[in-house]
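Taking it in order: structure first as C-alpha cells, then the write-up.
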Amino acid sequence: MSSKDPTSTPNNPHATASKSSAVSLSTNDCGMAPTRRDMASGTEDELLDDRDSARRLPSPVPGPPSVRRGGGGGVDTGSGSKRWAWIPLPVRRCGNATANWMRGPPEPRIYKINPILPKVQRAPIRLLDKLVPHLWQRVCLAAVYIALWITAFALVLQDSRRATNVQGYGAPATIGCGTSWWPSDGSCGIDGVYCRPFNNTGFAFRCPANCASYRVLNPRAVGDQEVIYQSMVIGGPRDDGQVLYRGDSYICGAALHAGIISNTAGGCGVVTLAGEQTNYVSSTRNDITSIAFNASFPLSFTFQGNAQCETRDLRWPLLGLSVAFSAVFSLFVSSAPLFFFVVFSAIFWHVGMVSDPPNISSLAGLASNIIGKYLPAMLIAWVMYDKMGVRRTLQGLTAQVEKTVLWLGACWLGALENYTFSEWIPITRLTGRDISQQPGAKAALAIIIIVLVVVAALQVWFFRQEGRLLRYLKVYAAFVGAILVCLVMPDLRLRIHHYILALLLLPGTSMQTRPSLFYQGLLVGLFINGVARWGFDSVLQTAAQLQGDGQFFSSLPALTGPPNITLSDAAAVGNVSTLSVSWQLPGVDDDPDIDGVSVLVNDVERFRAFFADDPSDPNRPVGDGPRGFRWRRRAGAQINEYFRFGFVSGTTTLDYTKAGVWNSRGEWVDMAPGPSKVRRRSDVDDGVRAALLRR
C-alpha cells in the first residue's frame, strides 16, 4: 500500500478498526485463523489492497475487497478483485484463508532429527574419524568391506545350491513351488496323451523354502469343488498306508504335506508315478490342508521314504548375513549417497537371488534375470535419491542408530514383502475382482485406506510447517490426473503394482522426521521387492493379461436335456453303463468365434469336437459328434464322475460349466449355473519335463 494513503499511518484509529474488522470478517466467514503477516511487508489484507502486491504474493483465489474509510469511502475491489466478482464474497475469503494456511507459517520450520543420546549414536562416526581420518583411507575401507560382503554372500549362496546325488537318480532337479506333473494349461491333451507315461517313472527333486505360502490365485475346479487361495494339494496318506497325490498337485506342496521336506529350509526327495488311482483323501499336515477327490484320475504320484538326499535352502542364514552387513554399514557410514546406493543394491540382489527369486531353476539363469532388472532399477534409484526426496531425508543425518532401525529396518520389512505383508494382509492383487472374491480383502483394504489417510494428514501438517505444502499438492494433483487418464484408456486396465505404489507415495516422505524415515525405507523396500521379483510390469495391462488363468466369462454350452443313462448288470462280464449327453449349438447371441465343444471328465479332457466336422465320419465313435458325447464306465462301479462342458475357439478352450455329477448310484446331478475355471494358456512350469529329459 502506498505510504501516502492516510489509512496506513499508525496514528489513524480508523485504519486500525478497518483492519481489525477485515480480520474478523475473514475469521467468522471461514472459521479459520486470522490472516498472517507476510514476511516481506505488510499484512495479507494490505497486500491484497495494493495492486502491485500481486507480483510479490500470488494467490490462487484473489481475496476479498478491503473496506477503505475516508477518501471516497465504499469498497475498492481493484482490478484483480473485479475479475473474481462473480464468486461470493464469503467463498473468496474462505479460499484466501485456505491458501494462506497452505502456504505455512511466516517463518517455515525445516525439520532436522536431533539424535536421542547423541554421543551414543555418533560414536561410530567418531571412531571412524579417529581410526581412518583421510578420505582415501575411508574409500579403501568401504571397498574392502563391500568386497567381503559380496564374497561371503556368493559363497553361502553357492553352498545352498548344492545337493547330494540320489542313488539311481543322480543330482536332484531344482523345481519351483508351483511345479506339477500334470500342468493346468491343458497341454496334456485328450486323455492326457502328452503327459505319458503314467506309471513306473520318477525323478529326484529339490524344493525351495516357503512353499506353504504358494497358493492358487484363480478358481481351479477339482470335481464339483472350486479351489482358490490355498495350496493345490489333492490327496495324502490313506487308511491303507499308501500316500497318494493326484497328478496335478504341486509336487513341493505335496512333499511338504507328506513331511518329506520342511517349509523353513526346503529339501529334496524322490517322486515316483503310481498310475491311475481313485479316492484321494483330505488331511491337514504340516500346515497344509489337502483336498479330497472321490473319483479316478489317470496319473498319481507318491514319494520314496527311504531316499538318501541332503540339501537345504540357506535363505535364512543368508538373510542374517545380509542384515548384519547392512546394519554395520549403516552405523558407520554418514554419506547419504554411499549409504543409499550400496544398501539399495545389496537388498535388491538379496531379494532377487535369495528371499523372493523368480521361478528360475539354474543359478546362472537367475543371475542373468536379476542383472536385466538391476540396471534400469539403479536409474530409478538415482531418481528416487535426487528428485523424489531421499537426499533430503538422509543428507546431514547423524542419528546413526535411528537411521539403521527406522530407515534400514523398514526397508528390509518392505523388501521381504512375501514374508511380511503377503502373510499379514489378505490382498493378493489390487484388482476389483480379486478384492471382491478374496476373504477378508475388503476389510483389509478399508484398514489400509484409513491408515494411509491418517499418515497423509500428518505428512500434510509437516509439509505445511516447512512451507512446502503447495508444491507437493501440485505434484500429487499431477499424479491424480495421470491416474484418471489411465482409467479412461480404451481396452486397457490400470494395475497399481506395489513398485508403482511405492513411487507414487515416495515424494510424500521428503523431509527429515522420524516417521518419514520409516515410511521412506518401507516404500524403497516395496519397490525393490516388486521389481526384483516380478520386473517392471506395465501400469496399463489388457484384460487378458490381468485374467491370467481366471475365467473368460464366455458363453457356456447348454444341454438339450438330462443325459440318457443306461445302467448294465454288474454281474455280466464286460458290461458297461453309458451316459449320453447332447448340447445346443451356439445361438446368434453367442460369440461368433466359437468353433466347437470340449468335455472334461474328472478334470481330464476326454472329448473335443468342432461344429464344422462331418458327423458321418466313419472313424468317429458311435454317439460322439459336434452335437453329443457318450461316456462309458464299468457296470456297478461305485464312484462319482464329474462332467464339465466348454466351448472351443480355435485351439483355445474357453470357460467350462460347473460340474454335473454321475454319482455312484447311477443318478445324474445337474450342474450349478456359471463357469468353473479356464485353462491356463501360458507360463507352464517345465521343471518336471526337464528333469525327466535329463534322466
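Counting starts with 1 at the first residue shown.
Just so you know, glycine gets a Cβ as well, placed from its N, Cα and C.
Those TrEMBL annotations? Automatic predictions, nothing curated.
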Q.
If I go by TrEMBL, the feature transmembrane segment sits on one of 197-216, 517-536. Which?
A. 517-536
Q. Counting by DSSP, what is the helix, strand and coil composition of the domain 'LCCL' (171-292)?
A. 17 helix, 46 strand, 59 coil
Q. Restricting to the same chain and to residues at least six past its boundaries, which positions have a Cβ under 8 Å from a Cβ of the transmembrane segment (363-385)?
A. 157-158, 161, 336-337, 340-341, 344-345, 348-349, 352-353, 357, 391, 503, 506, 524, 527-528, 531-532, 535-536
